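Participant: One structure is given below, represented as structure tokens, and several questions about it will come after.
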Amino acid sequence: MCGIVGVVGNTNATDILIQGLEKLEYRGYDSAGIFVAGDASSQLVKAVGRIAELAAKTEGVEGTAGIGHTRWATHGKPTEDNAHPHRSETERFVLVHNGVIENYLEIKEEYLSGHHFKGQTDTEIAVHLIGKFVEEDGLSTIESFKKALRIIRGSYAFALMDSEDASTIYVSKNKSPLLIGLGDGYNMVCSDAMAMIRETNQYMEIHDQELVIVKADSVEVQDYDGNVKERDSYTAELDLSDIGKGTYPYYMLKEIDEQPTVMRKLIQAYTDDKGQVTVDAKIIKAVQEADRIYILAAGTSYHAGFASKKMLEELTDTPVELGISSEWGYGMPLLSKKPLFVFISQSGETADSRQVLVKANELGIPSLTVTNVPGSTLSREADHTMLLHAGPEIAVASTKAYTAQIATLAFLAKAVGEANGNEKAKAFDLVHELSLVAQSIESTLSEKEVIDEKVAALLSETRNAFYIGRGQDYYVAMEASLKLKEISYIQCEGFAAGELKHGTIALIEDGTPVIALLSDPVLASHTRGNIQEVVARGAKVLTIAEENVAKEGDDIVLNNVHPYLSPISMVVPTQLIAYFATLHRGLDIDKPRNLAKSVTVE
Ligand code: M6R
């Protein structure tokens, strides 16, 4: 979703802003812009479409400070007028914003009569408000910014510049992510560390409702009452190669290929010197004290929660309930007496999940965040964190994070179960089983050409498709269908195979593609019955089966793995199916339309 980058005190400001925005492209956007200022002049450049189109317009734009933005349209269409940065009535103040200002229409009515607006955005109203307090009411820039921040309701990360003063960027945040990057003789601001990793690996957090004054040689953090706050910097464990594509045509393929390595990294991260599974004792205690685990997540992370439910319940002896974060934000069901909320989130920034976490914290409910991003909002604000160790995931379509989420929860389930003396947990040799999963993934990855051919035959032309499965395979079907639809735009649904005959089978006609997932020895024969039902109605069926249930004629056969971990292994061919189906359609695999990687608005 929207991304912010800013720099002060560097003669390459334009280049830094453009490169930073390119690094933020993965978050999803439909227009972009930069404002660059030097001693004597300033320039504003905007473009609809890709950063390359913006970059092409910036020749000759030079300065020592600036702010840039990628916009994912919420209020108003993706046009140049609606693209950020926005300017105040006299064009003196310039602002970029990530988030949603809830009371922007009230502000317009109450404070800004007679002002002229170029677009429809909430952000333009915010910068007019700041400008009004300076230009009409005589406040200083900082007092004006603070006064506006007290009036504005909603979520925001703001970076503000005064075009008459290229020495300072003023920033503030509430619920939306923003970081300070500390350079050598210059400083930066950005929505995530990846945008600045070329320049620095030293960062400083900003907390909600703080105002930060960023200059080339100083960073001052204040609360809205002007009290100065001390803040240490930290080193980000990222390097440039983590965020490059290398020789891959798309990030998604790179990230699919990285999954065996991620499984092995997780083994290293969650075992001790003796190879025993180890998880923070405080986290084990939090699960032991809970009478029910509530998993809250969105999209792929929500599906990873389903895929982990049976394993968590059987090994921890604790019931697990799943909640869609965007639903729970506005209405929680009746909770058990001792709930533990587990937030699964690749980015750790998903606004829907954060909204639930804020409520959980108000209610004193203990919480654990399972995330790929250390220091992310959900990680900072939850009681505990378990990291995915998957390395940056750039493609919008989540792949390695899903498999890492299930594997990470397997370590949690195993550690709690062992601590409880659960027999199944004691017998579950997770390290060995996860190594087998890594091998199984490798063997699937070596079959890319075969999978590509089958996809070309099945999905090149179709407008719709179905995934079916039972038990764990149903949960994988949900994820597989999300993956296919979000990047190939094929309308695809994942169904519990036994449910087809209760309605959905009406959609099956001659040539409808149905992909069946078969891993469970008890359930596979029932799913095969459902395959016959759709074949009888003309469906073209592709089967993905684990060896132990495979039959002659199955299209993709996978190594056997432990049933708790089969969703990890089963999902990989479905990721490749989505990838190749999209490739054949000539679409942008890493940046599907309308989607954002980090969904930072509700
Ligand atoms: O960062 P999160 O895991 O919280 O994101 C949740 C969803 O937005 C995300 O999983 C989304 O569904 C993926 N793009 C799907 O591939």
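Quick reminder: no glycine exception, Cβ is built from N, Cα and C everywhere.
Sharing the features that TrEMBL gives for it:
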- CYS2: active site, nucleophile (ACT_SITE)
- 68-87: region 'Disordered' (REGION)
- 283-422: domain 'SIS' (DOMAIN)
- 455-592: domain 'SIS' (DOMAIN)
- LYS597: active site, for Fru-6P isomerization activity (ACT_SITE)
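Map these features onto the structure and tell me what's around them.
Facilitator: Secondary structure at CYS2 (active site, nucleophile), as computed by DSSP, is coil. For CYS2 (active site, nucleophile), the count of additional Cβ atoms within 10 Å of its Cβ stands at 28 [all protein chains shown].
For the domain 'SIS' (455-592), the model gives a mean pLDDT of 96.
According to DSSP, LYS597 (active site, for Fru-6P isomerization activity) is assigned to coil rather than to any helix or strand.
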Participant: Once the chains shown are all counted, how many other Cβ atoms turn up within 10 Å of the Cβ of LYS597 (active site, for Fru-6P isomerization activity)?
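Facilitator: A count of 24.
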Participant: Where LYS597 (active site, for Fru-6P isomerization activity) and CYS2 (active site, nucleophile) are concerned, what is their Cα separation in Å, rounded?
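Facilitator: Pair distance, Cα basis, whole Å: 10 Å.
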Participant: Quick one: DSSP breakdown of the domain 'SIS' (455-592) into helix, strand and coil?
Facilitator: 72 helix, 28 strand, 38 coil
